[in-house]
Amino acid sequence: MEKAAGCPAVGGSYPQKNAEILSSQYGINLFLAGLLLTFAWAVHAVGISKSHLLSYLITLMLIQLLWMLWYLCRSCTQRRLIQDKDTHAGARWLKCGITLFAVITLILDSFKIGYYIDFSNCLSPTEGIFPVTHAVHTILQVYFLWCHAKDVIQSFKTLERFGVIHSVFTNLLLWTNGVLTESKHQLNEHKERLITLGFGNITIVLDDHAPQCNCTTTTLCSIFSQGIYYLYPFNIEYHILASTMLYVLWKNIGRKVEHHQQIKTPFKFHGITVGMISGLIVLISTIAIVVVYLIQIGGSKIKSELALTMFYLHAIFVLALMCTAGIVALLIYRLEDRSLDNSKNPARKLDAELLVGTAAGSWLLSWGSILAIICAQGHPKYTWYNLPYSVLVIIEKYIQNLFIIESIHREQEKANDDIKTLRIVTISRGSALSLPPLYKEIYNGRAARDSGDVPCLIKGSICGTENDGAGVAKEETSQDNSLVMHSASDISFDSRNSVTNNKRRILKNIAVFLFLCNLSLWIPPAFGCRPEYDNGLEEIVFGFEPWIIVVNLAMPFSIFYRMHSAASLFEVNCKT
């Protein structure tokens with residue numbers, strides 16, 4: 001009978017599991033088809049043009065728009081349909097971040113529309129339709145994520161799985177398209193810089209997709225064409241953040257959520273002055289380094305070598321500080337005895353997987369640089385700085401990943417079960433009166449119970465106890481009015497509380513410092529300061545095209561790692 005009763009429940013899970021498998025395979029095939037179209041356009045494949053790629057992306061965005069509109073309408077008409085919420089998904093600070101990136105993406109779309117208008121004589125209509133569709137898609141998607149990122153869908157689950165996974169891979173394809181376009185622009189600049197460093201044996205062939213006609217207004221065309229590439233890093237981050245939030249929504253479909261009270265952890269500036277100031281110094285100095293680097297690199301061989309040396313020295317110093325901060329934080333964790341939260345949490349699991357997965361991109365580049373330094377026959381002076389830089393990149397990410405993953409898995413501090421209330425006992429003519437409690441005390445070990453004795457300390461000596469039932473206490477002082485009894489264990493609690501607060505203050509400062517450092521290290525590669533391109537040593541050892549392929553594949557993951565780490569560290573600071 002038990003087996004028969006259990007069969008429907010077990011069998012009922014199979015359709016949903018099959019729906020999850022089918023929807024994931026649909027999304028993968030959708031992505032692979034778009035990836036091949038992107039690759040074909042990038043290598044100038046016969047019969048494949050940019051209009052074909054844009055048409056495919058426009059179609060995917062329109063399908064997602066229809067699904068989001070249907071979902072929003074269904075949610076409005078049936079407000080009680082979705083009751084469960086994943087409190088860990090779609091944090092407010094994450095929504096604010098994606099909104100900021102979306103606003104800059106809308107500016108990018110407006111630049112693309114202006115660029116199309118100026119070159120409308122020789123551009124395909126799809127290049128004008130794409131930014132308009134993308135702008136509408138961005139606005140509706142941000143609204144959708146603000147309102148429904150926490151949903152745990154329990155109805156129309158099969159249909160919703162396909163709709164959400166379609167949205168995930170649509171954003172991944174838009175991210176891929178942005179990465180490729182920005183990488184091609186960086187590659188053209190890189191080829192021109194190699195000449196100034198003396199690598200004349202490398203064939204310089206620019207891969208230019210510029211329109212084959214004149215611009216109607218030269219000044220505006222220059223602004224649009226140059227401004228677009230400075231806005232692409234924000235567009236890239238927007239799409240990867242959107243895809244991760246949608247992926248968590250997909251994983252939550254049909255999930256049984258454990259209902260428990262969520263502890264709100266707002267961000268506070270109190271007690272993080274040291275970490276904030278140190279991080280801001282790193283951020284400002286990094287921006288200055290990037291500006292000088294972009295001005296000096298490619299100007300002449302001497303200027304380029306000085307720019308590379310300056311970059312490596314600054315990065316080595318910052319990475320060494322980050323390693324030290326991470327080690328201190330891990331040592332503090334080892335001194336604490338706090339259990340880990342191992343409950344099922346798709347958002348937290350995805351955060352940990354993304355940290356390790358995207359770190360592999362920069363690890364690949366670092367090991368390539370290390371091998372190039374070891375194997376190269378000639379070593380310009382500035383290339384030797386690349387060795388400690390590459391080693392520190394590997395170590396720093398290893399330590400930081402340990403710190404972040406442990407931090408997001410640690411249980412937040414809760415009130416101790418052994419909280420007791422001190423009583424103020426007023427002794428008046430042989431009778432005792434218990435007044436309402438004024439403050440709470442945490443007892444460790446064997447704590448005095450309400451029905452038992454309450455230890456007290458006056459001027460370093462034990463003064464008395466509260467009797468059972470009768471409430472009669474011995475008078476130890478000459479005063480007849482009242483006597484306030486203080487617990488001896490309160491002193492030890494204060495000392496322990498002070499130590500705990502100091503540890504938390506150190507951890508919060510470390511989290512803020514690492515947060516700003518990761519933002520600082522996101523800026524150089526995102527805005528064209530990439531020594532992996534410019535030092536030239538790796539191209540000699542591995543060959544120009546193989547190394548460029550490695551860099552173009554690994555660099556987007558390295559850039560995303562820094563932004564994702566910054567987001568995770570912000571959460572760590574709020575939880576600490």
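Using the three backbone atoms N, Cα and C, a Cβ is placed for every residue, glycine included.
Taken from TrEMBL, the feature transmembrane segment applies to 26-47 (among others). Beyond the transmembrane segment (26-47), the same-chain residues lying 6 or more positions past its ends with a Cβ under 8 Å from any Cβ of the stretch are 53, 56-57, 60, 162, 165-166, 168-170, 172-173, 176-177, 180, 184.
TrEMBL lists 53-72 (among others) with the feature transmembrane segment.
Taken from TrEMBL, the feature transmembrane segment covers 93-117 (among others).
Remote same-chain partners of the transmembrane segment (129-146), defined as residues 6 or more beyond its termini with a Cβ less than 8 Å from a stretch Cβ, comprise 54, 57-58, 61-62, 64-65, 68-69, 71-72, 90, 95, 98-99, 102, 105-106, 108-110, 112-113, 116, 167, 174, 238, 242, 245-246. Taken from TrEMBL, the feature transmembrane segment applies to 129-146 (among others).
If you look up TrEMBL, you'll see 158-176 (among others) marked as transmembrane segment.
Annotation comment: TrEMBL describes 229-250 (among others) as transmembrane segment.
According to TrEMBL, the transmembrane segment annotation covers 271-295 (among others).
Positions annotated as transmembrane segment by TrEMBL: 311-333 (among others). Long-range Cβ contacts of the transmembrane segment (311-333) within its own chain (Cβ-Cβ under 8 Å, at least 6 residues beyond either end) map to 278, 282, 285-286, 289, 293, 382, 385-386, 388-389, 392-393, 395-396, 399-400, 402-403, 406, 410, 503, 506-507, 510-511, 513-514, 517, 520-521, 524, 529, 531.
Sequence annotations record features per position, and here TrEMBL assigns transmembrane segment to 354-374 (among others).
Nonlocal intrachain contacts for the transmembrane segment (386-405), taken as residues 6+ away from its ends with a CB within less than 8 angstroms of a stretch CB, comprise 312, 315-316, 319-320, 322-323, 326-327, 329-330, 333, 351-352, 355-356, 359, 362-363, 365-367, 369-370, 373, 514, 531, 535, 537, 561, 565, 568-569, 572. Look at TrEMBL and you will find 386-405 (among others) tagged as transmembrane segment.
Below 8 angstroms of C-beta separation, residues 186, 189, 230, 233, 271-276, 278-280, 282-283, 286-287, 289-290, 293-294, 311, 315, 318, 321-322, 325-326, 328-329, 332, 400, 403, 407, 555, 558-559, 562-563, 565-566, 569-570, 572-573, 576 of the same chain, each at least six residues beyond the ends of the transmembrane segment (506-528), sit close to that stretch. Residues or ranges marked as transmembrane segment in TrEMBL: 506-528 (among others).
The transmembrane segment feature in TrEMBL is assigned to 540-561 (among others).
Within the same chain, residues 30, 33-34, 37-38, 41, 124, 126-127, 129-130, 133-134, 136-137, 140-141, 144, 147-148, 160, 163, 166-167, 170, 173-174, 177 sit at least 6 positions outside the transmembrane segment (53-72) and bring their C-beta atoms closer than 8 Å to a C-beta of that stretch. Looking at 93-117, 158-176, 540-561, the range that has the most CB pairs within less than 8 A of the transmembrane segment (229-250) turns out to be 93-117. Cβ atoms under 8 Å from those of the transmembrane segment (354-374) belong to residues 244, 383-384, 386-387, 389-391, 393-394, 397, 401, 404-405, 532, 537-538, 540-542, 547, 550-551, 553-558, 560-561, 564-565, 568 of the same chain, restricted to positions at least 6 beyond its ends. Sequence-distant contacts of the transmembrane segment (540-561) (same chain, six or more residues past either end, CB-CB distance under 8 Å): 179, 183, 187, 190, 199, 202-203, 233, 236-237, 240, 354-355, 357-362, 364-365, 368, 371-372, 375-376, 397, 522, 525-526, 530, 532-533.
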